[in-house]
């Protein structure tokens, strides 16, 4: 036990509670995804064990991403994110024009050789949030100056959200809302934010008119506002929640996984409630809130505005997406196709979620001294003397 | 207020908002579970869901030249959702729709249709079947233009439910061989044996039950797509099959036989070109009910003497001219006696004569002399030819031959075995053996399916297989061939001698074994190959229990063999040199105008200022004949059913003319036709092959 503790102390820096939450989510994810992929279609195409192995491998990849990114001093993310943001513009355009289409939306790039689908919007999302945090933190002294402080921020938000909206409207709206929240936290005056909503709405409708998903969005919203008939997915989701009861049907006993489209990603929360009941559902909600809370503590403890805003932006982006996914499952929000971060099956989503968590951890562990931390324990005394 | 504090306050506000949303989620879940719970649970029970199979389309079965032997055709059941069409369309179209429906399904009148549909619409039904009868694709296409129906599935409400039906373009031809498959996946023939390839893999999709008993697919992302079955290409030749079946049927009817079978095999490959099995049915007609050839195991009788002779020639220095005393036609072995066919016996004859006349005594004596002390050697010989085990034929249901091992032999087993009793094999095995003799000793494994394809892509290729590279020495083979030819020239089958190609073979007349006793009923056969000098096909005919005074293999089975061989020989142009041209095209001063399409030639000659005359104007195909410096058009007969004269024509004209007559054409060379393989004026066999040479 002590050995484990010593190992974790040495290797897993930063907020231990966040580490705990990450591991908890990983275990839940493997359990529920394994069950959800036990549907007939998956059974027939290969063994569910193959999906279990693949998913577990991706979870581990996500954990590696957490570990690697939490090792990096968070201040580097300011620069790194700028490069990522630049890169994401051509990638998004490429995905829109040449990308693979899954479920009628063109948003995937297939990486040759390893043959893995890659969603550039995942990269763009993270890069934008880190950038907005960086830009806001630089301008904290003159945040009221619209021209100097806000124009560059808005420009980037508009460009990236607009590009994402071309092929994935709900992700774009979500990202824009997160950015707005981040600006609010970053002390941008509320009057500017109201103006932004207007601009966002304009850009949004423009993208809708030009993009591929216009019809889907309109019909989904209409369906939500004036429910003549509960849509099929929602119906099945409610049935999953209702039949789950307080303590659930037990792991692997979901019946609705056969009837819910995308039970392993969009409607994973319904499966959680069906198998683990209200108790399981509330636990997952609680874990997300705990993550948000620990992110907030990192904000409080960080010495620089950039660290605080970065941590806040990243955790809010994650948790808001989770809330939207859950909101759809329980019928508080119209049907959208957002995966549940850290739980849903899916390659790049898990990878970038891992990166996000790593960034929060990096902020939580504070600024690293200039001394090389990787030295062997024998040299410890020397360092302490030097310090 | 400092910056950090301000940021922190704002973060907390945002956190509270998220927490509030989380609370809302919990409340909503509680609401779904406790307030709406019963409603959803009831709905879960009500909505019938079912994974239903989507039938994969079954593959086709083709003959060797791509003729369809069996295919799946789509038929449709017509159903209707009367609630879908809007009232305008419905009102306008219902009368004429009902009328049209009653014309297609006469058992229901137009008024009844109108009543039925209108009632269903008023009572809110979502699904009614319009008729139990199934319609074909052409009718479906027409129906899609009818009022209301023409609005389609989603606007008009018409539902066509597809049902695949197996269809055989050649009806009963090779019925048993093509086979069938019933609902519980049991059947016979190729359909059954190759079901794994033909059947494909059924798909599955989630369906939701609709009021009225129909099923609606729920969503299409996760369904398992059906995988279509492969097509299989057989080695069967439709023409040979027709010839074989017709000849067999005629013989069976003539002799009122119990059943009969015939197989034609290609010597060099073992490919089965025709296979027919006919059984007498209750009503006296014949139909294919059992594949005797592959499945039937019986005592082969005299055809087995080939095995005995082969063994003897291999193990001794016996020559064809050596003599053997067959005595007075009867010898005793223990309590049983062996008899020869000829009353009074054959006396002292040569080995060759003994085989040609099919003397049981001679073969039994020779075998006893050679193997009486070492029966194991004889058994080993049978074993080395593979006659004691199934050959592993592609079709299921191959019979298990019965050859006793020497330790179970009685005193009479060996001599009786020598002429084909006390041993049971399938006809297919005997033919395989005779085919090996014809094929210079190389034993080919019979096969009937050559390829499995998906569209044009070959998925599996079944190549000819060699069972045994050399069944015996060349010297033995030579002797056997001489004897087999002798059987037809002057032996038991001399009644089929006199063809201008040579037949070699052996008759067999075995007494039938009924409840362990041989009764006075016969199982006659003839197995052999032709043309004997350069064998192309081997063939076996067997006819079971012929009635009347002629009950021997030579009288019953051999003529069928000859009839089939004659027809194949006549059709297969590869077997004989092309006939010399009946008459040559007249050569004159207009070498290029020889024969062709009259309007074309007339136009050309007129343009070039060549005088040309024709007695009639309404002709199509003409031939040039030169008188002085002018052309006289002659019009040779172009009667239906007769091969036209295409000599002197260009390829375009010749092809058009010949293919229109139903001939298959192969050609070589360039220029004008100088030779055609079927003489002009001869009768056309549908699908017959003609070779034309251009030069």
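Numbering starts at 1 and runs along the chain as it is shown here.
Just so you know, glycine gets a Cβ as well, placed from its N, Cα and C.
Heads up, TrEMBL stuff is auto-annotated, nobody curated it.
Copied from TrEMBL, the annotated features are:
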- A:17-38: transmembrane segment (TRANSMEM)
- A:50-68: transmembrane segment (TRANSMEM)
- A:80-98: transmembrane segment (TRANSMEM)
- A:153-185: transmembrane segment (TRANSMEM)
- A:192-210: transmembrane segment (TRANSMEM)
- A:267-293: transmembrane segment (TRANSMEM)
- A:305-328: transmembrane segment (TRANSMEM)
- A:340-363: transmembrane segment (TRANSMEM)
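Using a cut-off of 8 Å between Cβ atoms, the transmembrane segment (A:192-210) and the transmembrane segment (A:153-185) share at least three residue pairs, counting only pairs 6 or more apart in sequence.
Proximity of distant same-chain residues to the transmembrane segment (A:340-363), defined by a Cβ-Cβ separation under 8 Å and at least 6 residues beyond the stretch ends, is recorded for 13-15, 18-19, 22, 25-26, 28-29, 32-33, 36-37, 51, 55, 58-59, 61-74, 77, 116-119, 122-123, 125-126, 130, 264-266, 268-269, 272, 284, 294-295, 298, 302, 307-308, 310-311, 314-315, 317-318, 321-322, 325-326. Within its own chain, the transmembrane segment (A:153-185) is flanked in space by residues 85, 88-89, 92-93, 95-96, 99, 105-107, 121, 124-125, 127-129, 131-133, 135-136, 192-193, 196-197, 199-200, 203-204, 206-208, 210-213, 216-217, 309, 312-313, 316-317, 320-321, 324, 336-338, which lie at least six positions past its ends and keep a Cβ under 8 Å from the stretch. For the transmembrane segment (A:50-68), the residues of the chain that approach it from at least six positions outside its boundaries are 11-12, 22, 26, 29-30, 33-34, 37, 42, 342, 345-347, 350-355, 357-358, 361, judged by C-beta separation under 8 angstroms.
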